Amino acid sequence: MKTLTGLLLVGLLALWIGLPSTSSKILFGCGISPGNPFPCSLPGLTGNRCRRDYDCPQTLRCCNFRCSRSCRIPPVLPWSCPRNPFKCTIPGIDRCRYDYDCPGRQRCCYYSCSRICK
């Protein structure tokens, strides 16, 4: 049993050593967008205002910016979701959660009180 535990710990250590460090990277997690002009050496130090896009209102996205995550306006690209003209008080039924839930090159967009593939 001790041998198995030791091998498991050595294996995990080997995987951890092989992973790239995120502290030296410039973080900006809003899909394809310009890089974060503020490199962060201590990610998450200032506290996150969101964890995922669902935590943000309307069409804002949860992005890495400076040293924390916050709701930000995503860049408008030709294949981006259109702005949602509706202000919803009661959420609808989502038909997707992420872009990979949609067929082909469609995106999972928040539109008319729910998320749909467009």
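Each Cβ is built from the backbone N, Cα and C atoms, and glycine gets one as well.
Annotation source Swiss-Prot lists signal peptide at 1-24.
Under the heading domain 'WAP 1', Swiss-Prot lists 25-72.
CYS63 (disulfide bond) falls within a strand when secondary structure is assigned with DSSP. According to Swiss-Prot, the feature disulfide bond maps to CYS30-CYS63 (among others).
The disulfide bond annotation in Swiss-Prot covers CYS40-CYS67 (among others).
Here Swiss-Prot flags CYS50-CYS62 (among others) as disulfide bond, drawing on sequence analysis. Summarising the environment of CYS62 (disulfide bond), the number of other Cβ atoms within 10 Å of its Cβ, over all protein chains shown, is 21.
Cβ neighbours within 10 Å of CYS71 (disulfide bond), excluding its own Cβ and spanning all shown chains: 17. Under DSSP, CYS71 (disulfide bond) is assigned to a strand (E or B) in the three-state scheme. Annotation source Swiss-Prot lists disulfide bond at CYS56-CYS71 (among others), citing sequence analysis.
The feature domain 'WAP 2' is assigned by Swiss-Prot to 74-118. The average pLDDT for the domain 'WAP 2' (74-118) in the predicted structure is 80.
Following the DSSP three-state reduction, the secondary structure of CYS81 (disulfide bond) is coil. Taken from Swiss-Prot, the feature disulfide bond covers CYS81-CYS109 (among others).
Within 10 Å of the C-beta of CYS113 (disulfide bond) we count 15 further C-beta atoms, all protein chains included. Annotated disulfide bond per Swiss-Prot: CYS88-CYS113 (among others), in sequence order, evidence recorded as sequence analysis.
The disulfide bond annotation in Swiss-Prot covers CYS96-CYS108 (among others). Under DSSP, CYS108 (disulfide bond) is assigned to a strand (E or B) in the three-state scheme.
Annotation comment: Swiss-Prot describes CYS102-CYS117 (among others) as disulfide bond, evidence class sequence analysis. Counting only same-chain residues six or more apart in sequence, the Cβ atoms lying under 8 angstroms from the Cβ of CYS117 (disulfide bond) belong to ARG95, CYS96, ASP101, CYS102, PRO103, GLN106, ARG107, CYS108, CYS109.
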Neighbour tally for CYS88 (disulfide bond), based on other Cβ positions within 10 Å of its Cβ: 13
Set of same-chain residues at least 6 away whose C-beta sits under 8 angstroms from CYS81 (disulfide bond): THR59, ARG107, CYS108, CYS109, TYR110, TYR111, LYS118
